[in-house]
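To start, the structure under review is shown below, and the notes come after it.
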Amino acid sequence: MLHRLEKLLLDLAAVAVIGLGLLITAQVGLRTFANSSIPDAIVMVRELMVAAIVLPAAAVTANRAHIAVEVVSNRLPSRAQDALLIFGTIVGLLGLLPLIYAGWREAYGAIAEGGYFFGDLNLPRWPGRVIFLFGITLCWVRLALMLATDLGHWRRGEPIPAAEPVHRVEEV
Amino acid sequence: MDPAVIGYGAFAAVIVLLALRVPIAFALAGVASLGTLLIFATRTGDLMLERAIRPTTSLVFSNSFDLIHSYDLSMIPLFVALGHIAYRAEITTRIYHAARVWLAPVPGGVAMASVVGCGGFSAITGSSIACASTMGRICAPEMLRMGYDKRLATASVAAGGTLGSLIPPSVLFIIYGIFTETSISALFLAGILPGILSLAGFLLVIFVWVSRDPAAAPRYTDAISFAEKREAALGAWPAVLLFVIIVGGIYGGIFTATEAAAICVSAAVLIGFLQRRLSLRGLWAAVRETCLQTTAIFLIAAAAKIFVAFIALTGVAGDIVGAVQAAELSPVLLLTAIALIYLVLGMFLDPIGIMVLTLPLMVPLVETYGFDLIWFGVVVIKLLEIGLITPPVGLNVFVIAGVVGREVGIDRIFSGILRFLSVDVIVLILIMAFPILSLLIPGSM
Amino acid sequence: QSLFVGEAGPNRGARAEALQWFVDTAEELSGGDLSLDIQWGGALFKANAALSGIADGVADLGTIIAVYFPQEMVAYNIADLPLRNPDAWVGMKATDELIRNSEAIRENFAQQNLVYLGTFTTSAVHIGCSGATIRTTDDIAGLKVRGVGAYGDTFREFGANMVPMSIYDAYQGLDTGLIDCSQGYSYAMAALKQQEVIDSYTLMNWGQVGALGVFMNKDVYDGLDASVQDALQQAGEGMADELGRLITADNEAAIETMREAGVEVVELPEEERAKLVETSEQFIDEWKERAAAAGLDGDALLEEYRGLIDKYTQIRDEQGYPWENS
Ligand code: NA
Ligand code: NA
């Protein structure tokens, strides 16, 4: 279930990146050949950026692809390494909490007050903020689930299985 | 609680957490959030946690969200996508085949070509991260496939990426120019020679490395006919075309450096489809790969941005600069102290954050010494560039690590970086000792 | 008491000097009860997060640029409108008096947990061009222009193709020909060395972007002694004179620099300016609608504002600028 949701969000992020490319290319084309432009293109690019960057956060987490410094931990026995892995997940769970709380406040505020970006179209503020909240929250849920499974392995004295990317680039 | 104490404690906490293998984004965001909460909670002397929640969450959100919610930074996912698409469309393979065939007599020739490519790419992008991520995606996997030493294949591009801000255009020079009211165009010109000098330094590192350890860079040993060379060169045309489009477009006034990324992606997709080397499925995979990579990098950058705002609250930067000022150092010692400050901050913070924190305090100080602000700008940017490849937080290294995946660990890349760093320090000293290196070109315009 | 001041801009230039003056003056007037620590360059928050940054207490006070907050700052936005309001000092004095004395506007700010302290301006909007010269409104059609607010929107009505770009990128844009013209403020254009890449500079004497100023977190403000509050208000009111002095001198020097660099400086004829003002009416109407949506009487505010502009124009004409008399 969560896995499929992550995949969907990763796909949506990919659509956002393609959207970025098309939007900016169209903007240049219109300016060069038709002396015109797409209204509020900059606002749309910014909102797409949030989708492109934040939506894959849970998939990155599931892949255990967060970047970490391993120079010290690599010299430790594997059980100690597993303990550090669990510790890192706990720090992540705590570190993301302020972002989720703040993201919720912002998303709620943007919807309740009907905030918009001043421009030709007065595009609403809420989509980017809701996407941000959603992406980070899902990342947190994934971390929590990983903590639960990793702790299970740890208690049973088993090694935490080596990270195989859950989300692969090539779809079957 | 004294905010400065919280600040220094935070630096220590980050080091400990990173050593404990906590993901960098989580360590930075967690420590910065907690530190910010502490500062706001203890401002009036009593502990008032509840009152601190609102400013803390506001700071955390606006700094991380604004970094992502950015028009200018859209060039980063797009340039990363360009690398992936060019790879799948076999554009990169072909240019590497050409480089390999033509540079066969030169030891480490392909690594050198990669660094020169970084220099060329620097002329079209103002961002070191964009430079490292694009060139990293293009160069590192090809070098690994040819059997290059993993450290050489990755570190050379991570170091080469730091040319991005020294060779114009450059976002960092623009920000420095705004803070110091110096001519941005003069700064751009001032960066050229130091940029070329750095590039030469990197080439020297590769040369020495490969001379001492020939196995680090496998040579192409087959006999190569001229026909083969010509065919290899002609096969590289899509890459040449892309470069011509991008340089011509930016300097011909058709699109901005930010827009160039999107145009390049579109052009690469078009070339790939027309040559029937890129399939829709391949394009889709390339874009998904882009997303996974850029997210990991941006999460760190966003966390670093929160950390910078937190450090601003602590007043640590003012503390340090104030101490240097009070010491009334000789010019040489002052420069040394400044270099140390930027190198230490560069271990943790991103270049823009460091500038925002230090320049308002640093510039008046160096002005009292009568330093030329254009030259000082080049010194600062070079220092900030070095910070991008120093551990523990070296964004360029992380970018390359993200590109090559599990094949090469971050520690391996950092160990390769050490050799490039040693030459970087020499280049830095040259730039500091001979202002003419920076001022020659702007002075003659 | 030690307070944080958030400023998104650098610590150089006229606005930075005026902010520093405000801080020094407020500290002095408070008799040492107040200590203000400015965080430059958006170290705490960027310009587009300044409102929540101050309202939430990330900084206790700081600069808000109203362009980023068209809903929350709609009343203040009056100072950005393309009215006949080209004088920096006159504009600031009129804005300051309007905002400082309106109960409705104060209430509107209070609901957002903000207290108004004083106003800045970026000064009059003019336009520099490369390979083109704007002498009449007919010259605008077909030009690629980097615009500023309603001044840009009006140019679009005259057939310009508006290219979104920051003022910092404008140098390269003008240099490569990506844009033909860039709207901006004289001192800023000179600070960014745009005289190197423009051939002509047309003084539009039309209006300014004046809706930026210093605001304070209301909770923090309410917790201060009355004497400290007075010190902040008094320093805030004095900003108009101080920045007026600085920016007027900088603008004059900037135009001189442009002339020396061989840039042709053009005054837009009165009848051409009238066309700009007329065409920009629709954007003033748009603003009135937004004001109405926020429960404010746009017409009444405009009338009062125009009256204040006339009042201070008259004072300037009769008595000169305050710094010329002392
Ligand atoms: Na560059
Ligand atoms: Na570093």
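Cβ coordinates come from backbone N, Cα and C, glycine included.
These features come from TrEMBL:
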DOMAIN    B:11-435  domain 'TRAP C4-dicarboxylate transport system permease DctM subunit'
TRANSMEM  B:6-39  transmembrane segment
TRANSMEM  B:152-179  transmembrane segment
TRANSMEM  B:185-211  transmembrane segment
TRANSMEM  B:232-251  transmembrane segment
TRANSMEM  B:257-274  transmembrane segment
TRANSMEM  B:295-317  transmembrane segment
TRANSMEM  B:329-349  transmembrane segment
TRANSMEM  B:361-380  transmembrane segment
TRANSMEM  B:386-405  transmembrane segment
TRANSMEM  B:417-441  transmembrane segment
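Ranked by the number of CB pairs under 8 Å to the transmembrane segment (B:152-179), the listed stretches B:6-39, B:295-317, B:329-349, B:417-441 are led by B:417-441. Here the transmembrane segment (B:232-251) has long-range neighbours at 86, 89, 91-92, 94-95, 97-98, 100-102, 120, 123-124, 169, 257, 260, 263-264, 267-268, 271, 275, meaning same-chain residues at least 6 beyond its ends whose C-beta is under 8 angstroms from one of its own. Of the two recorded stretches, the transmembrane segment (B:295-317) does not lie close to the transmembrane segment (B:417-441), with fewer than three CB pairs under 8 Å once pairs fewer than 6 apart in sequence are set aside.
Remark: the transmembrane segment (B:6-39) makes no contact with the transmembrane segment (B:417-441), by the rule of 3 or more CB pairs under 8 A. Residues 107-108, 111-112, 115-116, 118-119, 122, 152, 156, 159-160, 162-163, 165-170, 173, 176-177, 217, 374-375, 377-378, 381-382, 385, 419-420, 422-424, 426-427, 430-431, 437-442, 445 of the same chain sit 6 or more residues outside the transmembrane segment (B:185-211) yet have a Cβ under 8 Å from a Cβ within it.
Within the chain carrying the transmembrane segment (B:386-405), a Cβ under 8 angstroms from the stretch's Cβ atoms is held by residues 14-15, 18, 24, 28, 83, 128-129, 132-133, 136-137, 140-141, 144, 153-155, 157-159, 161-162, 293, 296-297, 300-301, 304, 342-343, 345-351, 354, 413-414, 417, 420-421, 424-425, 428, all 6 or more beyond its ends. On the 0 to 100 pLDDT scale, the domain 'TRAP C4-dicarboxylate transport system permease DctM subunit' (B:11-435) averages 90 in the predicted structure. Residues 155-156, 158-159, 162, 189-194, 197-198, 201-202, 204-205, 209, 335, 339, 372, 374-375, 378-379, 382-383, 386, 389-390, 394, 397 of the same chain sit 6 or more residues outside the transmembrane segment (B:417-441) yet have a Cβ under 8 Å from a Cβ within it.
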